[in-house]
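Annotated signal peptide per TrEMBL: 1-19, in sequence order. Under the heading Zn(2+) binding site, TrEMBL lists Cys95, Cys100, His175, His180. The feature region 'Disordered' is assigned by TrEMBL to 229-273.
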Amino acid sequence: MCHAVVLGVLFSLPSYLYSAVPSRKARRKEREGEPAGDPKLYLQEALLERKLPELDMRQLVDLPHGLDYNEWLASHTLALFDHVNLVYGTVSEFCTAATCPDMTGPGGRSYAWYDERGKKSRVAAPQYVDYVMTYTQKTVNDETVFPTKYANEFPAQFEGVVRRVVRLLFHVVAHMYAAHFRELALLRLHAHLHLTFAHLTALDRRYALLDHKETDVLRDLEVALRLREPPSPRAAPRRARTAPAPAPPPRPRRPRPRRPPPPPRDGRRPSGTYIVNSIVNISIC
């Protein structure tokens, strides 16, 4: 690429990207001391574009009718792995043990690595990413976990494996937003990162693969990219209480029907006129 094209690309970007690019020593001092307090560049309006903006990610991740659920998860996991690996590879030279001594995400979130035995260790960001990519590559190449032959079936714990892979890939995406978004924007690759994040977010929201505590660090970006509705500023006002309605007046007691007169002493039944009058009185009451 000639120098004129390079200069044209640089000066077409927002000025806050190339006017204050910190050196590696400055970044190390910022991480050792207090945070610099720079605004989140990925929330700037001019940098919120993403590739294929008209694509509805919800339709992309919906399970097609008749397709196996595990097969669908496997295909999306492989696509996410390839995309995250490609995007990170463009800025891997800027992610070193000196510039990124810790694996961090937005808001000061720190990630620790857990090996197969569950042992926790703090490693530099490039080492953490290497662990993630090595583990994922080994997992997707395992025929017993990601079967490629028709006769082989997915293991019973396959969804749990996908959850861990997606969680680790989310950590890499979060680190790129926190530490390397400036370089991605200068390379005009930030839209590809946004698209990868939108894909991962849509898959998580559709199948609940990640814990809410994991994704909270990029919740503001979900709203900015219109992947999620913004939270309401306050709850809806409660309705004013109204005075209780007055109790209805007591209903008047119905008069009790009069007792029929005793039968005549001669033992004869009363006349038909009395019987009809008694039935009418009782029905009216």
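Yeah, the Cβs are placed from backbone N, Cα and C, and that goes for glycine too.
Same-chain residues at least 6 positions away in sequence with a Cβ under 8 Å from that of Cys95 (Zn(2+) binding site) are, in sequence order, Tyr88, Ala125, Pro126, Val129, His175, Ala179, His180. The C-beta environment of Cys100 (Zn(2+) binding site), restricted to residues of the same chain at least 6 apart in sequence and closer than 8 Å, consists of Ala124, Ala125, Pro126, His175, Ala179. Secondary structure at Cys95 (Zn(2+) binding site), as computed by DSSP, is coil. The candidate set comprises the binding-site residues His175, His180. Of these, His175 has the most other Cβ atoms within 10 Å.
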